[in-house]
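Participant: Before I ask anything, let me first share the structure, which is written out below as structure tokens.
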């Protein structure tokens, strides 16, 4: 399976080793990371922006020279999310590879910084005490937190620097 693609991968990611780790994690959970699942995950790993199922259909067609039906991609994304290999960005209805696939330690609740200009997404962890305070605030307001995932509309430094020069 190729580990290069036409989209630009974040420079610090070793795609082949991340895919190997993802396969190992799936096996440990009694699940199988099939070739098509690897290819969809590879598309997300190669991208610094979140991708929709249809963008992943295009990625597979352009990179692997065959088409996966959109419904199959959605099922693959559901599987990858169940295995904690990808995250669904609810507001954009797009997906991003988990930044911690190759880590062997626990992380806080994942939060996403999304550049409104270039659409780059960065996964960060928020301290559990901050999340506890947020949960308390939500409950004190008469609501129940349905999901602790936060998606923050931001401007990355690269785009802010360009904007500052205008």
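Any Cβ shown, glycine's included, is placed from N, Cα and C.
Pulled from TrEMBL, these are the listed features:
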BINDING   106  Fe cation binding site
BINDING   115, 118, 156, 159  Zn(2+) binding site
Participant: Using a 10 Å cut-off on Cβ-Cβ distances across all protein chains shown, tell me which of the binding-site residues (115, 118, 159) has the largest neighbour count.
Facilitator: 115
Participant: Can you see whether DSSP assigns residue 159 (Zn(2+) binding site) to helix, strand or coil?
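Facilitator: Helix, per DSSP.
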Participant: Under a criterion of Cβ-Cβ distance under 8 Å and sequence separation of at least 6, what residues of the same chain contact residue 156 (Zn(2+) binding site)?
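Facilitator: Spatial neighbours, sequence-distant, of residue 156 (Zn(2+) binding site): 113, 115, 117, 118, 120, 122.
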